[in-house]
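Single-structure report; data block below.
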C-alpha cells in the first residue's frame, strides 16, 4: 500500500459548477481539475463544503460530485477530501460510506447546526458515529462557528479525541480565533494532526503559529499567488510574504464591501478560469453584472510582487 502523503499547503474549496437552470454540471470537472493543477499549482481539494454549496445539494448530487472529482483527479490530485456533514446523522453516515467506497483520501464533517450539540461530548459523539462508517479514511472536523453557531473550542474538542475517533487526522479551522488555533497546535505537537486554516485573508497569521496549510475558496483563482506567499514565508522572507497577504486582503476587502459570498465567488472563478461555474442554488441569487465588472477591474489592477 502506498504511504499516505501528508496533507499540507493549499487546498481549494471547490465551487460546484451548475447549468443555467441550476442543475449540477459534471461536464466541466475534468477541465476544472486541470486548471487547478496547471494554472494554480493546487493539487488538493475540499469538495461539497461551504463554497461548494454542499448543504444545498441533494444526497444524490453530493455523491455524483464526489465520484466525478475522485475520477477526474486520479493521478492528478494528491488529496480529495469530501465533506460529508449533514443535519441528519444517517445521511452523513451514508455519505461517509460512499466517500470511502469511491476512494476519497479524506472526509470532513461540519457540526450539525439546527439541533446543535451543546458541549464537547455531544459533538464528539456525532462525529464518531460518522467517522466509524469510514474506518480506513482520514477524518477531519470542519470548524466554522460563524455559520454553524457551534462555538465549542477546538482546543477542548481535541482532548482525547484519538481514543474516540482513531481516524481523526485534523481540523479545517474556519474561524478568526487564533488563540484557540494556537493552543490546538501547541498542545498536540506529538499527534501529527493537520491544522488547515480557513480564513484566507488571515492565512499568514495562522502560518506564523504553526498551521500546516489552508482550505479556502480564493485558492481556486489566487492559488498561484498564495503559493508564492507560502514560499516566501518558508525562506523566510516575511516582508514578501506580507506583501502577498496584503494584496489578497486588498482584493477581498474590496469585494466584501460590494457583497461577497458563494455566488460572487462563482462569478470570479468564471471570469478568471474561463470555466462556466453557473449560478448558485436558491435561496442564493447570482452575482450582479456590476459586481462582476468591478471585481474584475480590481483584480486586474493589482500588481503582484512577481510582476503579474
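Any Cβ shown, glycine's included, is placed from N, Cα and C.
Curation does not apply to TrEMBL; its annotations are automatic.
Per TrEMBL, these features apply:
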- 142: active site, proton donor/acceptor (ACT_SITE)
- 172: active site, schiff-base intermediate with substrate (ACT_SITE)
- 51, 215: pyruvate binding site (BINDING)
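Straight-line distance linking the Cα atoms of residue 215 (pyruvate binding site) and the residue listed as 'active site, schiff-base intermediate with substrate', rounded to a whole number, equals 7 Å. Across the structure, the residue listed as 'active site, schiff-base intermediate with substrate' and residue 142 (active site, proton donor/acceptor) place their CA atoms 5 angstrom apart. Cα to Cα, residue 51 (pyruvate binding site) and residue 142 (active site, proton donor/acceptor) are separated by 13 Å. For the recorded positions 51, 142, 215, the ranking by surrounding Cβ atoms (within 10 Å, all protein chains) places 215 first.
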